[in-house]
Every structure is written in structure tokens, then in C-alpha cells.
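Engineer: Feature list, courtesy of TrEMBL:
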type: DOMAIN; residues: 9-221; note: domain 'Radical SAM core'
type: BINDING; residues: Cys23, Cys27, Cys30; note: [4Fe-4S] cluster binding site
Amino acid sequence: MSTNEKSAIKPPLWVLLELTHKCPLECTYCYNQLDFANTKDGMSKEDWFKVLDETRALGAVQLGISGGEPLLNKDIVEIVRYANDLKFYTNLITSGVGGEKGVLKKLKEAGLKTVQLGIQSHDENTMTLITNNKSAMKDKIAFAKEVKELGMQLIVNTCITRQNIEQVGEIIEFCDELGANYLEIANIQYYGWALENVDALLPSKEQLDKAMEVTNFYREKRKDMKVFFVVPDYYENRPKACMNGWGTTFLTINPDGLALPCNTANTLPIEFPNVKESSVKEIWYESKAFNFFRGDEWMNPTCRSCPEKEKDFGGCRCQAYALTKDMHEADPVCDKSAYHGVVKKIVENANKSDKLPIYRNKQNSLKFIENKTCCS
Ligand code: FES
């Protein structure tokens, strides 16, 4: 990077705290890395306070509290209160399952601003099929009701896969009845467990087009609930501007204290700094990891000479590495990439596969770690 480029680095705006990778659900599409069982809950509440002090001092304002399931971290109320005192705008990203009784009220009193609740279906069987948790449906409905009773905004996020894409209309009606203020129908992106399960999860183009049509129909009818639709990038020809560009806007801290430019960056062969060893300021501006893909010097000639590089920044680094084993490659979603055929092949295989997905849980994670060690 040139000195000019270095001085143009802006502070992080969005900070995401992954308070734990433990989760009572076992969703097949989870983006957490396959070896998440290796990630320890190594951050004390004082460590999280230090991160909040340092990120706020840099100018960050938006704070996501996520996981795993963040409600499983016993310090969550104190962390939210600390963040609120620093004037962060706090958003809880939760499954609504597994929290202590009364925790939501305490979070509201501590200053929590919004709740983003994951609801995968209006139908109990589908919910159990996706989450492998029989009480998920009941717990989520109770949680959504509590959010509304407390007078808070309810944002619902519905992750879409082949298992629920044909229910989009019913899901929209269901979320409307729950009183959702915003609904994001998000076709999943294929990282971590989702990539492992892609053959079982990816919907067909026909299913996708139909779901968009249904969403547009309901958008017209339900003006009081805003509905967003996110398309899976495997059906696109240009990559997404992942994280708005590496190290420009987003900062994630994982349960072990690793500072990452995106949630899955530690799947890349890069050594990431830890907030227990360095200040966030040093990490954000000076660390090798955060400077790795800033600017365009790292790009291959196809991306560097592309007029769209200012828009998509060469696409997603984690996806490039997962699909090509070279993290400097163009994101293979781009049809200018030499590896675009890899994405086409995945889509083709998935469209004719009747494989069943594996669940995201500790046993499967440990199996993955074991196989990786024995075969590498
Ligand atoms: Fe890591 Fe896109 S998810 S750069």
C-alpha cells in the first residue's frame, strides 16, 4: 500500500462481537467455520469492555452482538450496558433460544436498541428439520412476542435454503402476524457449514425466481412491514462487494479475541491479531492481516484492470479461497474469473443432488478437525 492509501484508511463503523460459538441450534447453513469446536470462549467481560472502549474511541457507532448464540454468554447484559453508556447503537442478533428467563427485559433496561431474530419457517416440522431443535419454534414465537411486548423493534431474518424456499409467502404472513417491523428474506451465502452442505441446500433458479415473485407480491400488500430479498450470489455474474471491501468498514471479534475483517476470515491462511495482545487501533491500521487486501496491489491482473474493481473490490476473499485455494484470485462468482466454471459446476451438481445436510454441532466439528489433522 502507498502512504497515501494508508492515510486514507477510515475507522471501522460496524463492530460485531461474537460472544460465543456455542449454540442450542444446529443449523445446516451456519457460516461459522467447520472447526468452530477449536474456538474457545477466551474473552472475559473486561476484555470485551476494552474492545468497546477502543473501538468507540476510533469512531465506531454500530454494534452487533452475535455468536453462536450470544444469549449464552452470562455477561451479555453488562456488555450491552457498557456499550450503551459509550453511546453505541446496539443490535442483538439471536436465535431467540437458550437465554435465561427475563434476559430480554434486562437487555432493554441496559439500553439494547434492536433485536434481529432468526426465524426459518412458519411450520414447526421445517423449523425442526433445519435447526435440529424440537423446541425452537415454540421458543422463537415466545421470544418474538416478548420483543413486541417490551415495545422494541423486531427485525426478522429468514435464511433461505431449498428446505424453506417454497414457503416464502407463508413465512411473510407469519412474520407479519408476529409484528415484525422488518423482514429480511436472505438466501444464504455458502461459507462454513453451508458450503459443506451446498448440495443439499442450494435452491434451483426456478425456485429462486418464484420466491422473488411471491416476495414482490407481498411487498405491495404489506406496506407496514419492510421486506428485503437477498439473492444467493452463485446465481450472479458479478461478485458482491463483500464487507464493503476488506478492512474498510467491518470489524469482527471472535470468542477467542481474534480480530477479523469478516466473520469467516480465519478460514484464510493468514495470522490474525488478538485484541488481548494488541490495541484495536494498532490492529486496524497497522496489522499485516488488516492491510492484506486493502487497495488493489494484491489483485491479480484480471481484477486490477477491471473497471468494476472500485465497486466490488474483487469480491469475497473467503469465497475465492474456499473455491480456488488461492485467496488472491478473483471471486469465482465473477464470470471474468478463470474459475467461474467451479461455481457453475457446484450449481449443476446441487441441482441434481438429493443429499441430506449434516448438522452444525460439536461432534461434527470435532470429526472435521480429526479428519483434517489426519489427512493434511
Ligand atoms: Fe470474508 Fe467475504 S466473507 S471476505
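Here, residue 1 is simply the first one shown, and the rest follow in order.
Note: Cβ is positioned from N, Cα and C throughout, glycine not excepted.
What's the neighbourhood like for each of these?
Structural biologist: According to its DSSP assignment, Cys30 ([4Fe-4S] cluster binding site) is coil. Around Cys30 ([4Fe-4S] cluster binding site), the C-beta neighbours below 8 angstroms that are at least 6 residues distant in the chain are Cys23, Gly192, Trp193, Ala194, Arg360.
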Engineer: Across the domain 'Radical SAM core' (9-221), what does the mean pLDDT come to, as a whole number?
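Structural biologist: Average per-residue pLDDT within the domain 'Radical SAM core' (9-221): 96.
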Engineer: What same-chain residues, at least 6 away in sequence, bring their CB to under 8 Å of the CB of Cys27 ([4Fe-4S] cluster binding site)?
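Structural biologist: Within the chain, Cys27 ([4Fe-4S] cluster binding site) has Cβ neighbours under 8 Å at Gln120, Ile130, Thr131, Asn132, Cys159, Trp193, Tyr359, Arg360.
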Engineer: Other than Cys23, Cys27, Cys30 themselves, what residues in this chain have Cβ atoms within 8 Å of the centroid of the [4Fe-4S] cluster site's Cβ atoms?
Structural biologist: Leu25, Glu26, Tyr29, Asn32, Gly68, Ser95, Thr131, Trp193, Arg360
